[in-house]
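K.L.:
The annotation substrate binding site is assigned in TrEMBL to Arg53, Gly54, Ala55, Arg90, Gln203, Asn254, Lys255. As annotated by TrEMBL, site 'Transition state stabilizer' applies to Cys164. Among the features that TrEMBL reports, active site, proton donor is placed at Asp244.
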Amino acid sequence: MKVHGKPMRSIWVEPDGAAAGVIDQTRLPHAFTTVRLTTLDEAAHAIRSMLVRGAPLIGATAAYGVWLAMRADASDGALEKALTVLRGTRPTAVNLHWALDEMRRALAPLPASGRVAAALRRAGEICDEDVAINRAIGEHALKLFEAAWEKKGRKGRLNVLTHCNAGWLATVDWGTALAPIYLAHDAGLPVHVWVDETRPRNQGAVLTAWELGQHGVPHTVIADNVGGHLMQHGEVDLCIVGTDRTTAHGDVANKIGTYLKALAAKDNGVPFYVALPSPTIDWTLKDGVREIPIEQREGTELSDVTGRLRSGEIATVRITPDGSPAANYAFDVTPARLVTALVTERGVCPASEEGLLSLFPERRGKAA
Ligand SMILES: CSC[C@H]1O[C@H](OP(=O)(O)O)[C@H](O)[C@@H]1O
């Protein structure tokens, strides 16, 4: 997408190949800064600290992390160490494991002498594939937006609610849940986005709002608990969210709070769509609630808030009493029964084993 009118992706390789570059998402929206990743440890830190975040971008960053590791030491031991270090950065997004499996598949059979070039090539392919997947998801989801607009009699505006950030900042480009929003806006469909702030890290208020503002998409930031009220009053025409891991039976892990939004949508008859790139499908799992690992992060992400003072200074303040512990669950799982449909790069399907196999028949007989 574009930043201040300049096209860019959320991750890149410097022209001289000296480093991978990423946007420091912990400083948005008040500062737009980029960071050079030159070592395995820098790539791992970027993922762990959420300087980069979002399931597909985590996978892409890990892929370049393997490249950076191979530049230092392309031995079998160094490859295994790199894969282990990167796998341990964050537990929920399955794209991390998918990307690392892809890198192992590409590099393990090669002699050390061929691994640096092969790692750079495969990491670049993973990024290009992500962009194509997300654009395709956008096109398929756009048809759902257009149907909702027709159903509404093409009056007023199409109100879409999204949770967290599943935009281009969460991927290499386009985003998943936000891809159809960009396409709809660019096609002249009067889309308006209710942006869940998404406590505690506020990816919605900070990142989705920034993305939509950069693209000129009308949007309104709301507290996480407002969505149900808006749905009760007919102010939400559809919901669309991203995912960090979806099981072979269609259970969806996504940012904490997604499940509650899906419950409200079901109760109010509001379509609830999940934008699902195929690398985010975990074909080995069935029951998401019981099997998907849910990341727990530091309580200070909930007790402390970072923002810009009226003086312009960026500051972090504590909002809870010093003696009050905080529990910080980063994801929850929305059961397939609450999902209206999954939107993949191959098309739209019911959130079910048979639905996914209808789009991915090569997986039949191999699913969980
Ligand atoms: C397109 S994946 C976006 C997905 O990742 C976010 O989690 P985090 O910001 O913690 O990496 C959130 O679950 C988004 O829906």
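Glycine is treated like the rest: Cβ placed from N, Cα and C.
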K.L.:
Here are the binding-site residues: Arg90, Lys255. Which has the lowest count of other Cβ atoms within 10 Å?
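P.N.:
Comparing Cβ neighbour counts within 10 Å for the binding-site residues Arg90, Lys255 gives Arg90.
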K.L.:
With an 8 Å cut-off on Cβ distance to the Arg53, Gly54, Ala55, Arg90, Gln203, Asn254, Lys255 Cβ center, who else from the chain surrounds the substrate site?
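P.N.:
Once Arg53, Gly54, Ala55, Arg90, Gln203, Asn254, Lys255 are set aside, the remaining close residues are Ile58, Thr92, Ala93, Cys164, Asn165, Ala166, Ala170, Gly242, Asp244, Ala330, Phe331.
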K.L.:
Using a Cβ cut-off of under 6 Å to any atom of ligand 1, determine which of the recorded positions Arg90, Cys164, Asp244 qualify.
P.N.:
Cys164, Asp244
K.L.:
Near Cys164 (site 'Transition state stabilizer'), which residues of its chain come within a Cβ-Cβ distance under 8 Å, counting only those 6 or more away in sequence?
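P.N.:
For Cys164 (site 'Transition state stabilizer'), the qualifying residues are Asp196, Thr198, Gln203, Gly204, Thr208, Val241, Gly242, Asn254, Lys255, Gly257, Thr258.
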K.L.:
Are there residues of the same chain, six or more positions away from Ala55 (substrate binding site), whose CB falls under 8 angstroms from its CB, and which are they?
P.N.:
Ala93, Val94, Asn95, Leu96, Ala170, Gly242, Thr243, Asp244, Arg245, Thr280
K.L.:
Run through the Cβ atoms and count how many others sit within 10 Å of the one on Asn254 (substrate binding site).
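P.N.:
Taking every protein chain into account, the count is 27.
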K.L.:
With DSSP assignments reduced to helix, strand and coil, which class does Arg90 (substrate binding site) get?
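P.N.:
The residue in question, Arg90 (substrate binding site), is coil (DSSP, three-state).
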K.L.:
In DSSP terms, helix, strand or coil for Asp244 (active site, proton donor)?
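P.N.:
DSSP call for Asp244 (active site, proton donor): coil, neither helix nor strand.
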K.L.:
Which secondary structure state does DSSP assign to Lys255 (substrate binding site), in the simple three-class scheme?
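P.N.:
Note: Lys255 (substrate binding site) is in a strand by DSSP.
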K.L.:
For the binding-site residues listed here (Gly54, Gln203), tell me which residue's CB has the most neighbouring CB atoms inside 10 Å.
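P.N.:
The most densely surrounded of these binding-site residues is Gly54.
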